[in-house]
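Trainee: The annotation substrate binding site is assigned in TrEMBL to 37, 38, 39, 40, 41, 86, 161, 216, 330. Per TrEMBL, domain 'Uroporphyrinogen decarboxylase (URO-D)' is recorded for 32-41, 149-165. What TrEMBL records for 86 is site 'Transition state stabilizer'.
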Ligand code: CP3
């Protein structure tokens, strides 16, 4: 099934929503809006329910995941929910010793750097993440016609955490492996592609209406390296979920030079950060794909007038695109005023009402 055919399962209810229509590049009543990291520390109600519960534990508690996922939908009236989880959850689920350290990010106890280390990356089964299936079942019941976006980390970004052992500015160990042992690197990314594809399938089969592949840190690569060393694995992930016919979104930060290739990897919607205006991004991506983005998340710390002026710029650059999903150019920053987000959703909806 292609992304333009009607599905038959859970996803039927959300099929005609503005978000799904924009992903399919169909006319919409208003430009749909959601925010990467819309659930999380910017919301007092999130801080309250998470109190005393470590991040990764919270991802395995279906009732809590349901509540946290719904919080930004209730508060901001966004056009889509994003499943509350983290990109390292499938790795934890197959037994990798890792933790999410507050204010730091994912930390891996024993980094993966040798052929022997690869054996620790076993296949992911639906039973490994049964709590995801349970939570999505609850969520789709509550969400009705509002689509739920499932997500996963892309092979490169997952590899960067596994090889570095934690967050990294320069990705030196990752690049050392990629250039120094191309075969081991290719095998590592291929294993991660299988795990990622299995994780996305669980989410779609449980009822997610769309999926986003986060390749957050791939902007660290030049296009030739991306094409040779990363694109085959990302393409394998997109290929693996193609038959479901749900929109596939692909996002990374600082990926201006990679936008065309990231679309080519198999995305239906290409996410753009704030560094490239959407009309220029559309030229780089080429026809046949929708775009998502791209207000600088730091703009939300400015005055309402400034937020609106910068939003007008985004909407003007997107006005001739057949499919535009409004979003930030990266995740909501933790100290963002939640009211500024609510106002932004309303502003985009009113400005684009047709
Ligand atoms: O609302 C949503 O967007 C869904 C939730 C979500 C989380 N992580 C929850 C989370 C999503 C989509 C992610 C994806 C994710 N995780 C990415 C890709 C998106 C991006 O930002 O580029 C990456 C690179 C990670 C890895 C990760 N996990 C980082 C860098 C951090 C932040 C560390 C910190 O504390 O500043 C995390 C932890 C994390 N993931 C938090 C949340 C809400 C914060 C932990 C907490 O609230 O205790």
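Sequential numbering from 1, following the chain as shown.
The backbone N, Cα and C atoms fix where each Cβ goes, and this holds for glycine too.
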Trainee: Cα-Cα separation of residue 41 (substrate binding site) and residue 86 (site 'Transition state stabilizer'), in Å?
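Mentor: Pair distance, Cα basis, whole Å: 14 Å.
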Trainee: Using DSSP, break the domain 'Uroporphyrinogen decarboxylase (URO-D)' (32-41) down into helix, strand and coil residues and give each count.
Mentor: 0 helix, 1 strand, 9 coil
Trainee: For ligand 1, list the recorded positions among 37, 39, 41, 86, 161 whose CB atom is within a distance below 6 Å of it, in sequence order.
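Mentor: Checking each Cβ against ligand 1, the ones under 6 Å are 37, 39, 41, 86.
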Trainee: Grab the same-chain neighbours of the domain 'Uroporphyrinogen decarboxylase (URO-D)' (149-165) for me: Cβ-Cβ under 8 Å, and only residues 6 or more beyond its ends, written as numbers and ranges.
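Mentor: Tertiary neighbours of the domain 'Uroporphyrinogen decarboxylase (URO-D)' (149-165) are 34, 80-83, 85, 87-88, 90-91, 96, 98, 105-113, 136, 171-174, 177, 185, 188-190, 192-193, 196, 199-200, 203-204, 208-218, 221, 230, 233-234, 237, 249-250, 252.
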Trainee: Applying a 10 Å Cβ distance cut-off over all chains shown, what neighbour count does residue 86 (site 'Transition state stabilizer') have?
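Mentor: So the Cβ neighbour count for residue 86 (site 'Transition state stabilizer') comes to 17.
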Trainee: Please work out the number of neighbouring Cβ atoms within 10 Å of the Cβ of residue 41 (substrate binding site), leaving out its own Cβ.
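Mentor: Residue 41 (substrate binding site): 15 neighbouring Cβ atoms within 10 Å.
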Trainee: Where among the binding-site residues 37, 330 do you find the Cβ with the fewest other Cβ atoms within 10 Å?
Mentor: 37
Trainee: Restricting to the domain 'Uroporphyrinogen decarboxylase (URO-D)' (149-165), what is the model's mean pLDDT?
Mentor: 98
